[in-house]
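Visitor: Pasting a structure below so you can have a look.
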């Protein structure tokens, strides 16, 4: 080594001397030919060529006395690579061998055709092997699956053993993409005490877990499984830091945030700031699928000011809202966004629904949002293009579906209590108190021209006290229309969406083609009834009167068939659902009653005096229309006198004149 260093120092000294010599020759002998100088310098500086690569490869050349190595085949190379991989995994994973053994046992225990005794034996063996090591192997994608199967089929004592080992590590596993499935399986099979222990362990960490993509799934699962008190416990710490720190404060009967603030005398501003710090990161990450988040948002909007509520609506208006409307609270948020959003925000909501309208219509709560859209948004061209066109493509399916028919019924007969429950009607009429005064309010300088408002306090469907501001006499009519949801007249909006879009004509065609099926259907009969009567206010009579007459004749034709012709199914006059629908049509439409009598019942009433068909016959005598009563009285009165036809006790024929 010393010799090499000395040699390198000598070489560097030579380079310096050559450089000095070159400088001297240039200065003293400037007239010499430069080529001669450069040639001499090159001879001095030039290094001998050293075949470095040849020297390196010469080391690997076989010597005369050594044997030559034969190349490995493909199979041998594969086996060798597999062995290296196995060795590397063994060095890296502490329980690699154990996982292999558990995987072999798992293949046996998860079979469906295995005997219970044999499965129990295999599960006991697997749990015995894992005992004391469960927290270490639960995060593995293999061991996690084994543990899930064990928890599902093991005895309660074995399940308790696994639960006790996992108990100190709940929070760690709640954010692991493999262990989360084990945690959820444990919660599904947990006892009441174990579930309560798990929810208690989440205390103080609910907000941070909701911001985590994986952890939020665990919180939602626990929220769904918990009782009312446990749900309240999870929600409380999202409302305020005080409720998060002191457990006694969160265990109270009041479930509404406004009631909690009043009882505990909390500062509303502090609560709003804390909730905003919880909600904003969740919305930014797009974690909006969970019902617990929907509950928090509803409570936030119930106490938020104008600016805060408007910001939340602006953030949610769009594709995010589509992922929320599958829950009750989520649908209420959707309705609030549609009602209080600007024209631009409403357009985003409708465009966000593109391609999912049919699926949304089949949801119990999603159908309410669609009903709100068709009865609120003034841009009927946009709604027709994005919503009505998709509904038309699956019209028959929607008519026969319990939830799918609701947007159609909302257009045919708006806000009818026959088709919407009291809770659903309350959801459709829900509003944000802080935005009611702002929406449509003209901006006037408060210093020069202050406005006075009268306040009234009402309660919405959830028991929350909502403060509404009544505008004074100076408020313009346009402002009042804006507060109701839009400038356009509701009847004009209905006409454009129902008749102008061609939806009504398609509905009548569906009813004509499938009259028998719809009449006998529990849900389709109501759509057919509304269409046959021309809709609320006779909206279909003016432009589609001829088509409605065709529908009446189609129903009368079915009623005119003899019992023998429809032996495979109930006659429409004897079927429970269809007989009641036809009876209602006789009461509601004199045109239909006339058509039905002349085409199906005249001269044949005696054969329909038994069963459900009696209700249809008696409807002619109970009708409020004198012409309808007169039409049937001549034939039915002899049947009444002879006792063949018995009228209901509470109903007698209406007096003529």
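Here the Cβ of each residue, glycine as well, is placed from N, Cα and C on the backbone.
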Visitor: In TrEMBL, one of 410-444, 445-479, 480-514 is tagged region 'Disordered'. Which stretch would that be?
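Guide: Region 'Disordered', as annotated by TrEMBL, spans 445-479.
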Visitor: Just to be sure I understand, if DSSP states are collapsed into helix, strand and coil, how many residues of the repeat 'Pumilio' (201-237) fall in each?
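Guide: Helix (H, G, I), strand (E, B), coil: 26 helix, 0 strand, 11 coil.
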Visitor: Within the repeat 'Pumilio' (129-164), how many residues are helix, strand or coil going by DSSP?
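Guide: Residue counts for the repeat 'Pumilio' (129-164) by secondary structure: 28 helix, 0 strand, 8 coil.
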Visitor: Average the per-residue pLDDT over the repeat 'Pumilio' (129-164) and send me the rounded value.
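Guide: Here the predicted model's pLDDT, averaged over the repeat 'Pumilio' (129-164), is 89.
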